[in-house]
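Here is what TrEMBL says about this protein:
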- 8-233: domain 'Orotidine 5'-phosphate decarboxylase' (DOMAIN)
- ASP14, LYS36, 63-72, THR127, ARG188, GLN197, 217-218: substrate binding site (BINDING)
- ASP63: active site, for OMPdecase activity (ACT_SITE)
- LYS65: active site, proton donor (ACT_SITE)
- LYS65: active site, for OMPdecase activity (ACT_SITE)
- ASP68: active site, for OMPdecase activity (ACT_SITE)
Amino acid sequence: MTTAHTAQLYCALDTVDLAQARLWAGQIAGHVDGVKLGLEFFLAHGPAGVRAIQTVGLPIFLDLKLHDIPNTVAGAVRAVAGLGVAVMTVHASGGAAMMRAAVEAAETTAKAAGVPVPKVVGVTVLTSLADDDLQQTGQSGPLPDQVVRLAQLAVQNGLAGVVSSAKEAALLRSKLGAAPLLVVPGIRPTWAEAGDQKRIVTPGEAVRLGGSLLVVGRPITEARDPADAARRVRADMMAAA
Ligand SMILES: O=C(O)c1cc(=O)[nH]c(=O)n1[C@@H]1O[C@H](COP(=O)(O)O)[C@@H](O)[C@H]1O
């Protein structure tokens, strides 16, 4: 099982304000392993925005959650995989061929650009969803079964890991083994609000359950002192060692 020593902490910089994202990144730089830039930021600022945040010196997780036909996803991956980002996301529900196309595009593009190959990870069931949401969208539950089904498909088709709630992390470790990256958002320290997240877990518990990359956004970015909030999240992770 992953320990607190190897579990990483990435902060989600969810904003359209480039100056704000850069400020947060600078404030928390000594307390996190990397930062995540998502759709909100990327649609506003594109590759230039990613490069601007890279100047802070932290690894970047580019979370675009791609989900389209294989040719289109491969093209989208080719457009960004030369940026030198550490991790990228696609939706595992896009299917086997789409995931293989994403991995191949990431490898060839990064190698041609002379940058490290981004780890492509597959989103299973969003942490904002619960069992009744799955039923509404026609997916077979129970929810952990759907997470495992999509995670196995992702790993079998070359993805470096998967995204799920830490609630499913121990189950995923037992099914997938130690190698795949388990990215776990929906992290809520006891002092933070759940907001739109439904499957939430504390930082310490996420580490104990086997999460390897914890994504924490608003509990850090909306705190009065983001650096102190990041430090407290890290302390909770370390206490789980
Ligand atoms: O792929 C993700 O990062 C992701 C998947 C998921 O199932 N749930 C989820 O919350 N996320 C992302 O993780 C971050 C969580 O942010 P907070 O809820 O503010 O901590 C957001 O940027 C989400 O887009």
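Heads up, the Cβ atoms here are built off N, Cα and C, so glycines get one too.
TrEMBL labels come from automatic prediction, so no person has curated them.
Quick caveat, the model's predicted, so the values are computed rather than measured.
Around the Cβ of HIS67 (substrate binding site), a 10 Å sphere holds 17 further Cβ atoms from the protein chains shown. Taking a Cβ distance under 6 Å to any atom of ligand 1 as the criterion, the recorded positions ASP14, ASP63, LEU64, HIS67, THR127, GLY217 reduce to ASP14, ASP63, THR127, GLY217. Put simply, of the binding-site residues ASP14, PRO70, THR127, GLY217, the one whose Cα is nearest the Cα of ASP63 (active site, for OMPdecase activity) is ASP14. Confidence across the domain 'Orotidine 5'-phosphate decarboxylase' (8-233), taken as the mean pLDDT and rounded to a whole number, stands at 97. In sequence order, GLY38, GLU40, PHE41, GLY217, ARG218, THR221 are the residues of the chain that are 6 or more apart from ASP14 (substrate binding site) and have a CB within less than 8 Å of its CB. For the pair formed by THR127 (substrate binding site) and LYS65 (active site, proton donor), distance between Cα atoms is given as 14 Å, rounded to the nearest Å. PRO70 (substrate binding site) falls within a helical segment according to DSSP. According to DSSP, ASP63 (active site, for OMPdecase activity) sits within a strand segment. Of all the binding-site residues listed here (PRO70, GLY217), the one with the fewest other CB atoms within 10 A of its own CB is PRO70. Annotation for LEU64 (substrate binding site): same-chain Cβ neighbours under 8 Å, separated by at least 6 residues, are GLY38, LEU39, PHE42, ALA76, VAL80, MET88, THR89. Residue density at the residue listed as 'active site, proton donor': 15 other Cβ atoms are found within 10 A of its Cβ, drawing on all protein chains shown. Most Cβ neighbours within 10 Å among the active-site residues ASP63, ASP68: this distinction goes to ASP63.
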